[in-house]
């Protein structure tokens with residue numbers, strides 16, 4: 001007999017808190033009663049069918065609630081979200097409750113079959129899919145309007161009734177992870193499987209990519225040092241270095257795809273079905289029926305969305321790009337002023353002043369990037385994309401276009417308009433080093449210092465000297481709710497993307513870029529690990545099969561780097577001397593070499609498979625078994641129908 005939601009009892013004698021919900025202080029009683037009832041109510045009645053209990057504190061505020069679920073509810077939720085687990089025959093399959101006995105380590109009394117992060121992901125999924133049915137408003141708040149299909153959690157957040165939702169840390173597991181991850185200085189690989197088990201696949205993949213990218217940069221750094229030391233002005237010797245760089249950028253991205261597929265197959269996310277992705281929580285529209293799945297969900301006109309994109313978002317992005325170019329021209333005016341000042345004074349101070357415009361411009365670039373990021377998020381949310389993947393793609397595109405122009409426009413201008421290689425080296429080095437220092441300070445050092453200061457103040461206030469693992473549940477929740485919120489891997493990937501651009505676009509001008517990138521990334525691994533474990537709340541796990549649109553972004557950057565390096569080499573005096581009579585021959589030769597290198601890149605990308613042979617066979621085997629199972633099911637149905 002196939003179990004359904006109707007038989008599931010929400011009673012759980014041993015309540016295990018997994019997620020914290022903080023409501024605003026003074027939230028009205030009828031609002032709390034209505035919301036908790038919707039959380040506890042059965043799925044058939046539009047509820048989440050979860051367990052929710054108030055956190056009893058000394059001051060008795062009553063605005064913090066703990067959410068959990070029965071073991072049976074979590075197993076059914078695992079089937080709903082499509083979690084993939086390892087079977088007894090070592091294959092990976094989507095979990096179904098009816099076939100639960102076939103999965104490795106499953107037992108009815110084994111509550112560790114699902115990891116804590118998977119349980120929290122299931123609860124988050126159910127809370128986000130709580131949608132209004134017949135309600136016209138949030139009870140107790142007439143101004144908080146509702147309509148059928150509107151996300152309840154989203155409305156509570158936008159109206160300030162719900163302050164935050166976050167998953168609880170497992171202090172014992174976190175202590176073990178900290179020790180193996182960054183607790184001791186060592187040369188070795190990160191514990192990616194443990195990171196995935198605790199934080200989820202998205203964060204584990206980021207750290208896997210950061211580690212891989214750092215190791216991949218080492219050959220570039222090793223080769224770049226002698227080029228920097230012995231052949232600084234001899235551009236014809238950079239041809240081999242630039243060629244190696246271009247082939248290197250292709251190989252590392254293709255090899256990463258293979259490594260990524262091996263990891264995500266082992267974690268089960270390579271097999272997770274995404275074709276029927278549910279609407280994102282921020283998506284709103286009139287409640288309707290999805291013609292594919294038959295489920296009730298909000299419906300919004302794609303024409304309205306396209307009008308918002310092309311009539312508002314695109315003009316706004318273009319305006320921001322124009323402003324970025326305007327700021328760039330101010331920077332060049334400052335550069336000219338500094339140069340004139342140095343020519344007049346010829347002192348040590350005037351020599352130092354030559355670097356001031358580049359440093360100021362690097363700081364301004366970082367500020368503009370961060371301000372634009374907020375505007376891009378607002379616009380993309382306002383466009384009302386149905387799927388989270390579509391939302392992320394549009395957001396990444398907006399941010400990448402602006403960041404690329406903002407960070408690299410001045411370098412292109414110096415290289416291809418001013419033809420000043422000395423200024424190009426100086427600007428590239430200053431922008432790279434300054435941006436790395438600012439990012440380390442803003443993303444890790446400052447948040448860590450603020451969090452450490454807050455913890456000391458809180459422990460002094462509560463008169464406790466307990467370690468993290470000795471804190472009571474109330475103390476743990478009060479400590480974690482004040483921690484910063486991790487906003488995702490977007491900024492981390494963006495930093496690596498810009499770093500990849502600095503290394504690859506103008507490699508033949510500044511070979512030491514890879515050296516500084518390696519040094520930065522080594523510290524980045526430890527600082528990012530520190531902020532994940534000590535500075536921020538635990539983020540919800542997000543299953544993913546790859547690094548998404550960032551793979552395409554890195555590949556696009558590598559293609560652009562082919563063009564820039566070929567033109568830079570073609571502009572060198574040594575290469576120009578080979579074509580004294582005809583500049584057209586020089587242009588045609590550079591274009592031919594550029595096309596040849598691009599052809600080699602694309603051939604290599606085609607020849608190197610995205611998945612290892614072993615993974616391809618396993619995926620093909622699973623597809624074959626699924627088809628065979630479907631045939632048997634159809635055959636059994638036909639026999640049953642004929643007998644009737």
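Each residue, glycine too, has its Cβ placed from N, Cα and C.
Curation plays no part in TrEMBL annotations; they are all automatic predictions.
The domain 'Anoctamin transmembrane' annotation in TrEMBL covers 195-621. Taken from TrEMBL, the feature transmembrane segment covers 203-232, 238-256, 309-332, 352-372, 395-416, 496-519, 586-608.
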Please give the sequence-distant neighbours of the transmembrane segment (352-372): residues at least 6 beyond its ends with Cβ less than 8 Å from one of its Cβ atoms.
320, 324, 327-328, 331, 334-335, 337-339, 341-342, 399, 402-403, 406-407, 410, 426-427, 430-431, 434-435, 438-439, 442
Cβ under 8 Å to the transmembrane segment (309-332), counting only same-chain residues 6 or more beyond its ends: which ones?
357-358, 360-361, 364, 368, 372, 375, 379-380, 382-383, 394, 398, 401-402, 405-406, 409-410, 413
May I ask which of the stretches 395-416, 496-519, 586-608 has the most CB pairs under 8 A with the transmembrane segment (203-232)?
496-519
Close approaches to the transmembrane segment (586-608) from elsewhere in its chain (Cβ under 8 angstroms; 6 or more beyond its ends):
243, 246-247, 250-251, 253-255, 258, 555, 558-559, 562-563, 566-567, 569-570, 575-576, 578-579
Contacting positions for the transmembrane segment (395-416) when only residues 6+ beyond its ends and CB under 8 Å are counted:
313, 317, 320-321, 324-325, 328, 331-332, 361, 365, 368-369, 372-373, 376-377, 379-380, 423-424, 427-428, 431, 435, 490, 494, 497-498, 501, 505-506, 509, 548-550, 553, 564, 567-568, 571
Report, as numbers and ranges, which residues of the same chain sit near the transmembrane segment (496-519): CB under 8 Å and 6 or more residues beyond its ends.
209-210, 213-214, 217-218, 220-221, 223-225, 227-228, 235, 238-239, 241-242, 245-246, 249, 400, 403-404, 407-408, 411, 415, 421, 424-425, 428-429, 431-433, 435-436, 550, 553-554, 557-558, 560-561, 564-565, 568-569
